[in-house]
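Here's what Swiss-Prot has on this protein:
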type	residues	note
ACT_SITE	His73	active site
ACT_SITE	Asp119	active site
BINDING	Tyr53, Gly55, Gly57, Asp74	Ca(2+) binding site
DISULFID	Cys38-Cys97	disulfide bond
DISULFID	Cys52-Cys144	disulfide bond
DISULFID	Cys54-Cys70	disulfide bond
DISULFID	Cys69-Cys125	disulfide bond
DISULFID	Cys76-Cys118	disulfide bond
DISULFID	Cys86-Cys111	disulfide bond
DISULFID	Cys104-Cys116	disulfide bond
SIGNAL	1-19	signal peptide
Amino acid sequence: MYPAHLLVLVAVCVSLLGAANIPPQPLNLIQFKNMIQCAGTRPWTAYVNYGCYCGKGGSGTPVDELDRCCYTHDNCYNEAEKIPGCNPNIKTYSYTCTEPNLTCTDTADTCARFLCDCDRTAAICFASAPYNSNNVMISSSTNCQ
């Protein structure tokens, strides 16, 4: 084998090893992102670190109406986890989007439908709630008591 071929082979292997350490984004999160974009005018990234509950985790009292949307969504996912075999992070669902209308199409009383309803309700709530840029990236230790 030529030295140049060996270098290319090593480079490809190293690249693949690096890519293997990047976790895939949960499919449900992608669906939720698409619902947010369907229902509203703000990009989904506007909600990533908003208030005390928009984003990963949450604590304290929601700072405003929009943060309450995230609080309610978190609680909805907590309820979904009580359904046997229902994992909000990986379970996908079916819905239609005719901007700004969202319709969940899975059979009622299933995990998929429950999760879709959680995401649909949150996306509609986000679209109607006022957005206060002062509540982005707030200190949870100071503002989320």
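Residue numbers in this text run from 1 along the chain shown.
Quick reminder: no glycine exception, Cβ is built from N, Cα and C everywhere.
Across the structure, Cys118 (disulfide bond) and Gly55 (Ca(2+) binding site) are spaced 15 Å apart at their Cα atoms. The recorded positions near Cys76 (disulfide bond), taking a 10 angstroms Cα-Cα threshold over the set Tyr53, Gly57, Cys104, Cys111, amount to none. Burial estimate for the recorded positions (Asp74, Asp119): highest at Asp119, by number of other CB atoms within 10 Å. Within 10 Å of the Cα of Tyr53 (Ca(2+) binding site), the following recorded positions from the list Cys69, Cys70, His73, Cys97, Cys111, Cys144 place their own Cα: Cys69, Cys70, His73, Cys144. Take the CB of Cys118 (disulfide bond) and look out to 10 A: across all protein chains shown you find 24 other CB atoms. A C-beta separation below 8 Å, combined with a sequence spacing of at least six in one chain, links Cys69 (disulfide bond) to Cys54, Ala122, Cys125, Phe126, Ala129.
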